[in-house]
Amino acid sequence: MTGIKIDGIEIAKNVKDRVRKAVDELKKQGINPCLATILVGDNQASATYVRNKHKACEEVGIATKDFKLAANTTQLELNKIITDLNNDKSVHGILVQLPLPSQLDEFATTSRISPLKDVDGLTPHNAGLLAMKKAALVACTPSGVMEMFDYHNIALEGKTVVLINRSNLVGKPLYHLLLARDATVITCHSKTKNIKEMCQMADIIITAVGDRNKFTLTQDMIKKDAIVIDVAISRYEEKLSGDSDYEQIIQKASYATPVPGGVGPMTVAMLLKNTITAASLSSQIER
Ligand code: GUN
């Protein structure tokens, strides 16, 4: 018997339906939720992600502002745009698509965003609140993964979760979200010596490496009935692929996410949800 597919398209649709209703409510109160995105340079994958985010906003009635900046944009120029957006009352969420070209500093950039408009949950303020279990705005991919667990009523208390990622956008927020739900969380990374053994003892594996030449999660690395969440997406052997082969993993896992159609759609859906939260936050403060 094979495991159950965690279908990101279906769960994202469910989130979007809720967001659509929240947008209508906000509009009745005279608030027109708006997300501003900033894309610097000509990274094709980033351009596609931003386009998808705009399309999803349109689907649920969220307005957008689209800033496409030249690859040689300076830190000062980028800072000025962020400051203007921080002060623009018609904008509720600000997203700077990552990665940035090398002349730009990721921390200097994201920490400049007003915490109230920080729909990526990347500012030190929001990252700190998350560690204290008080965050309103949490990074989209991690909160999307949590939404997937909840959709399937997957209990996390006491479960051993192995995370294969330690980034500010994925691994660290997931660590705090899972810990807050009483899971035992082990964070693995490029210098971890015994990833295979770590994975073999995990009830849940969340993998986000994104380079199959460096890492593949294979069937022999998971225990029977483990849950596998594959956050990665990259091009491998002419097709889009995660860190694992879904068809192989699902033979042994109790639940697993496919790629594409797994975590990816959840990231976009949670961005919409965060934009609504940000719009509500700023309207409460203005009242
Ligand atoms: N690049 C890849 N994923 C993300 C994300 O969730 N937010 C931003 N800002 N950049 C990304």
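Including glycine, each Cβ sits where the backbone N, Cα and C put it.
Quick look at what TrEMBL annotates:
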- 6-120: domain 'Tetrahydrofolate dehydrogenase/cyclohydrolase catalytic' (DOMAIN)
- 139-280: domain 'Tetrahydrofolate dehydrogenase/cyclohydrolase NAD(P)-binding' (DOMAIN)
- Asn165, Arg166, Ser167, Ile233: NADP(+) binding site (BINDING)
With every protein chain in view, how many other Cβ atoms are within 10 Å of the Cβ of Asn165 (NADP(+) binding site)? 24
For the domain 'Tetrahydrofolate dehydrogenase/cyclohydrolase NAD(P)-binding' (139-280), what's the mean pLDDT in this predicted model? 97
How many neighbouring Cβ atoms, not counting its own, are there within 10 Å of the Cβ of Arg166 (NADP(+) binding site)? 17
Ser167, Ile233: which of these binding-site residues has the highest Cβ count within 10 Å of its own Cβ? Ile233
Could you tell me which three-state DSSP class Ser167 (NADP(+) binding site) falls into? coil
Which of the three DSSP-derived classes (helix, strand, coil) applies to Ile233 (NADP(+) binding site)? coil
